[in-house]
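Just below is one structure, and these are the notes that go with it.
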C-alpha cells in the first residue's frame, strides 16, 4: 500500500481501446513496512495503481486535484467526486435514508429549487416534507404556512429547537448553523426567506429538528455541570457480496445545548461515553449497540442501492464504488425509546475519528487495544478488488473439471473476468460449454502422467494458447498439472513435491525422517504407517504399526474405503475387500483409483480433527483458516459435521497452523493453496494427510462467507505467479456449523422433490447454507456425502441450536444419525 502526499506524484495515461478511461501511474509515494518502517520511494518506471482511494471532502485540502485523478480510471476506485457530492447532499441522503427500514432521521422540512432528478419520485417518511419551489421570490405565504405546520407537527417530538441551513455541494462546511426556538416560527420563516435568495438549481433550504440530548439519571443525583450530549461516529464498510458491515463506533461528548462537532471533541468508545452520561446497564447498552449497527449498516445499504441505479457518468467511472461510509448519529428519545438518529453521512471524518481513538494505544507503555482497526474491513475490500483487477483477462488452463461440487469455479471465473481453457476426459461434461477452449483428453490413467504432460504441452502449443497459468482443483489431476506446468514454464510447486504429498504413506514416512533443523521438526507431526500392496505387506504392517490403526487407499479421497481396524484379522479382511471391490476408476470414479488401489495402514491417534486451509507463496504463509470436524461414525471416517472458525484455544490454533505449514514445506510445497487434515492430540498436532489443492466440500464457500477471502481467486493468482494480497489476521464474522447428508441415511429426504425444494428455499432465504456435493443419489457401500447443510450464528452454540432445529424438522436427525452427538464437539 502506498501513500501519495501530492497529486504531482500521480499521473493519468489514456488507455488504448478504452475510450475515456485512463490508467493511474505512481512515480513517488510513501511505502510502509512491518515494524513501523516507512520510506519515500521514487518509482522508475512508474508503478500501475491497482486500487485508488482519494480524500475528496472539503477537509482534504486537495479535493479538486483528487477528484480529477479519481475520475474514469481503469483500476478499482473507492470513491469519486460525483459520489462524494451525492453523499454530502444532506437532503438527498436524508430523503434516501427516510425510506430505509431501521434508519431514523431528524424531522425535516425542505424547500427545494428545481430539485435533482434523484429526488423525484418515491415516498418519503412522515417526518420528511419536500416543498418544490417554482421560484426564489414571492414565496412568503407558502413558506409561512409550511413552517408553521412543520413546527406544530408531531414529527418533531420533544425537540424544542430547529436549525435552518442550506443544502448543496457549495455549502459544505461553509455556514454557521442558526438555531431557533420551535415556539417562534416567525424567526424561522424570516431565516428561510433570507436563504432562499442564495439558492441555485438543485439546492435547498432545510428546516430540521434539533434532536434533544438524552437526559440520563446520573448516580448520586443531578450533575453539577450542563447536560451532556453524545455524538456517535460509525464507520461501515462494504464487504464481500456487497454487504454492509459495521466496523467501529466512536463517540464525542459535549454540552447538550450546542451541536457536538468533529474536531471539537475527544473521541472515546461508545461504552465510555454512555457511562459518562449515566447509562451503564448491560442490557440497555447492548440494545443500543444493536440499534447503532442496524442504522449504520442500513445507511450504507441505502447508498449501495442508490449507487446500483446510477449510470457510469453519475458514478464518475466504471470502476467506482463506495467501499466505506462514515455515519454521524445522535442519541435521542423517540416514543420513550432511546434511539440513534442519523444526522449525516461523510466520506472520511468518522474514519479519522476512529483512527484518533486507535492512536491512543500507540503510545509506549499503554496497553494495546485488542479490537480490530476501523479500516481493517476497508483494507480487505481494497485487497480483494485489487486482486480481481490484476486477474481480469488472465488466461488459465484447468486440468480436470470435477463434479457438481465444483460448479462455483465456472461461475466465479466469469465474475472475475478469467478466460479458462479446460482439459477433461468427459467430452459431454457440462463445463465444456462454459470455457473458451475445451480439450478432450483422457487424464484418468495417472500412471502415464509424465507421458500425458508432454502430449498436452504439444496440444497447448498447437492451439497457440497464451497462458498466464495452469492449475487444478481436482485431486486426481494434481501431479499431471505440476508436470505440465514444468513443461510449459508456468508457476507451480515441483512435481516431486506433488507426488510426495499425493501418496499418503510417502508423505508420512518422508516427514518422519525429517529430524530438523528447523525445530520443531516435522517428524513430531507425522504418524507411523506402512504401505500395502499385497498380503505380505499386510502381515508385516500388523507388527510395525501400533493397533488400532486406520486402513485407507494410498491415493484415495473423500474418506472412501477408510476404516478403523483393531487387530490382524480386521486388517486382512478390509484389505481383501478393498482389493476386490475397488480395482479401477470404473468401480468408483473420482477417488484416485486411476493411480491404482494400493493401501496403507497408519496408527490411529486419538484427538479432535481439524482442517487447515493454507495460502502459500514463495514458501511464505500468507493466510490460514482452521475448521473443526465432529466425531465420525466409526469404524468409518466419512465426515459428519464441521464448525468454522475453530473452537481451539489460540495457542492450539497456532500449533495446528504451524504444523500444517511446516508439513507442506517439508514436502516441498512452496506455492499454492493447500488443505491439511490433522488431529489435535494430547501431545500436539498429528498429520492425517495433505491435500495439495484448495479445500473441498464446503470450505471455499464458508471461508468466503466468514472471512471474505476467496481461495479460488488465491489459487488462480498463485498459478499466475502473483502473490495474493490477503489480510494478515483475518477475523471471522460469525460462525458456521454444518452437517453432512448421506444417501444411506437420508435417501427418502433427498429423493423427495418437496424436501429438496424446502432445502433450496431455506437456502435462498438465508436460513441455511446448502452445498450440493454430488449430482446423483447412488446408494452403495463406499459412499461420499451427498450435500452439506449449515447454519450461521454469532456463536457456535447459537449456530448449533439453529442447525439442530432444522435437522429435526427436516428429518436429517435420526436414531442412526444423531446430529446432536455429531455437534457435541462444538460446544
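Using N, Cα and C of the backbone, Cβ positions are placed for all residues, glycine too.
Feature annotations, courtesy of Swiss-Prot:
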type    : residues : note
DOMAIN  : 516-720  : domain 'ATP-grasp'
BINDING : 542-611  : ATP binding site
BINDING : 677, 689 : Mn(2+) 1 binding site
BINDING : 677, 689 : Mg(2+) 1 binding site
BINDING : 689, 691 : Mn(2+) 2 binding site
BINDING : 689, 691 : Mg(2+) 2 binding site
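Swiss-Prot feature annotations superimposed on the structure.
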| residue | record | contacts (Cβ under 8 Å, 6+ apart) |
| --- | --- | --- |
| 542 | ATP binding site | 568, 571, 601 |
| 551 | ATP binding site | 532, 562, 563, 565, 571, 574, 575, 578, 599, 600, 601 |
| 560 | ATP binding site | 553, 582, 588, 591, 782, 783, 784 |
| 587 | ATP binding site | 581, 593 |
| 596 | ATP binding site | 447, 554, 555 |
| 605 | ATP binding site | 527, 679, 681, 686 |
| 677 | Mn(2+) 1 binding site | 609, 610, 611, 612, 687, 688, 689, 690, 691 |
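Look at residue 605 (ATP binding site): DSSP puts it in coil. A 10 Å cutoff on Cβ-Cβ distances gives residue 691 (Mn(2+) 2 binding site) a total of 19 other Cβ atoms nearby, all chains included.
Cβ neighbour density within 10 Å is lowest for 569 among the binding-site residues 569, 578, 689. In the three-state DSSP reading, residue 689 (Mn(2+) 1 binding site) counts as strand.
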